[in-house]
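To keep things clear, I will list the structure first and then write my remarks on it.
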Amino acid sequence: MTQSSYFLKKLVNTILGCADDALAGTVACNPHLQMLHGHRVALRADLENLRGKVALISGGGSGHEPAHAGYIGKGMLTGVVAGPVFTSPAVGSILAAIRAVRKAGAVGTLLIVKNYTGDRLNFGLALEQARAEGASVEMVVIGDDCAFTKQKKAGRRGLCGTVLIHKVAGALSEAGCGLSAIVAFYFCTGTLGVSLTPCSVPGSRPTFQLADDELELGLGIHGEAGVRRMKITSADQVVKIMLDHMTSHSNASRVRLKSGASVVLMVNNLGGLSYLELSVVAGSAVRCLESRGIHIARVFVGSFMTALEMAGVSLTLLLVDDELLTLIDSDTTAVAWSQPAKVHVSGQKRVRESVAPKEEEKEESFPFRAPATPYMRAVLEKVCNTLLNLQEELNDLDRAAGDGDCGSTHARAARAIQEWVDSKPLPLYPSQLLSALAKLLLEKMGGSSGALYGLFLTAAAQPLRTDDELATWSAAVDAGIDLDSLCAAAEQLRALKNPQTNPLKVLTKAVEEAEAAAESTKHMEAAAGRASYIGSSRLNRPDPGAVAAAAILRAVMEGLQVKTI
């Protein structure tokens, strides 16, 4: 599927009616909201509680959900006027909203408008008509974009910082402040976005194209161009670039941050970014700001002002003092406003020390027991290298039936073993070594593979606590196999119970049987795991876990051969 065809998919009823349906859906799910008949307008259902207070009306094009209707409620907006997707609302609907709140007893109306030409024009025309009818109406235009280093004639675009203005203005209104006092309240806020993918208006193709290894810095919330295209790099580096740009002295639209300043940080999902990535970015932003001496008072992380399905994120900084922070913390019934803990983020202890494990019990040393280290180090090195080299092949096999991470899971185990081997001497005896490996994999590997290998090694270690003859190794494998799937190899390894047998020949035969068994899994129907939900006709490749287990056995054999040559 091509990128352009993917973005044509939209789960809507009709293209023309999607904005109406979206607003109606928000109202249907929130009993505190009502639609204004004949208009794409949502209002507080308790307008009678507005008497004697300033009404706040915002809005703009649809496609930015939960903005704007999600911020209607006591302590935030009184109502919103929604336009078609990425299109300014009609003057008549804006005027109808002003009339509705005025009739409810509002002493004035404040229009909160993002700095886009259509929004300014249409809200401005409605304001003039309302004033001609005798209404007390003011308009503030929000421009918090930090992208452009030189002032544009049109000014800074209105982005996610608008949501913080909704909150502060709503708190002031709820506290009984007059219209002029709310308009005069000073804010210093800035926002910068970055995107990995474009977005597409329903019925249209993507608004722009990005190469697979590119991201766009400083774009607007409608997919309009940013200021720089750059190669994808780490989240830490992207966040650093964003904050550098937002605060650079050469940037005319910068946020004027000084060491010691206190800020509210908003990490906003532009629509299609996973919450895993969002948390990574949020952590990077917190660390980066604190490293610059900035005090973070509050952090808001989530989807606040989106751009349809755009996979991207914006960072908003609001300089705060105690008064402004109190307004941010004030209560609201708006459903889309998250309520973080009302405590400062910076200065909190974020890590609790873990409980140290008990020291390993020392095993008795018997004269006939040979240390395992000379052999096991070579074997472990071979196993780790094998798993690292197989990472992409195992992931590819796993994509057919799972989530495509089998190779990554085994590679994670390999790296954990390598770090462990490099950091300390290996345990002296086989049982100690297997027990230690079991604990390491249970802690570091993850997934069902980590649990299975951990159980296998734990069980296998038990017979070796008192003896390490070849027959005991066979018993150890049998003990572990009860919890694993390498029955084919186990059958061959039972030959180790014969003291006259050649152990390397037995192991070679076991490896061959394990590899054949792994190959045969492509004809099997899965009984458990993610693959059990997939029809057998679609599963025509070997099970990646079985392939990995067979590869480990071969690596063990080859490691032993190298050591014994």
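All residue numbers here begin at 1 and follow the chain in the order shown.
Cβ coordinates come from backbone N, Cα and C, glycine included.
Annotated features, as they stand in TrEMBL:
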type: ACT_SITE; residues: His222; note: active site, tele-hemiaminal-histidine intermediate
type: BINDING; residues: Gly61, Ser62, Gly63, His64, Lys114, Asp119; note: substrate binding site
type: DOMAIN; residues: 14-337; note: domain 'DhaK'
type: DOMAIN; residues: 374-558; note: domain 'DhaL'
Cβ-based neighbourhood (8 Å from the centroid) of the substrate site, residues Gly61, Ser62, Gly63, His64, Lys114, Asp119 excluded:
Gly59, Gly60, Ala67, His68, Ala82, Gly83, Val85, Phe86, Thr87, Ser88, Tyr116, Ile221, His222
Out of Gly61, Gly63, which of the binding-site residues has the smallest number of neighbouring Cβ atoms within 10 Å?
Gly61
Using Cβ atoms only, which residues of the same chain lie under 8 Å from His64 (substrate binding site) while being at least 6 residues apart in sequence?
Ile221, Met305, Thr306, Ala307
How big is the substrate site in terms of the longest C-alpha to C-alpha distance among Gly61, Ser62, Gly63, His64, Lys114, Asp119, in angstrom?
15
Are there any residues at least 6 positions away along the chain from Lys114 (substrate binding site) with a Cβ closer than 8 Å to its Cβ? List them or say none.
Gly60, Val141, Ile142, Gly143, Arg157, Gly158, Leu159, Thr162
How big is the gap, in Å, between the Cα of Gly63 (substrate binding site) and that of His222 (active site, tele-hemiaminal-histidine intermediate), rounded to a whole number?
9
Please compute the mean pLDDT of the model over the domain 'DhaK' (14-337).
96
I need the CA-to-CA distance for Ser62 (substrate binding site) versus the residue listed as 'active site, tele-hemiaminal-histidine intermediate', whole Å please.
10
How far is it from His222 (active site, tele-hemiaminal-histidine intermediate) to Gly61 (substrate binding site), counting Cα to Cα, in Å?
9
Surrounding CB atoms that lie within 10 Å of the CB of His222 (active site, tele-hemiaminal-histidine intermediate), all protein chains:
20
Nonlocal residues around Asp119 (substrate binding site), in sequence order (Cβ under 8 Å, 6 or more apart):
Gly59, Gly60, Ser88, Val113, Gly158
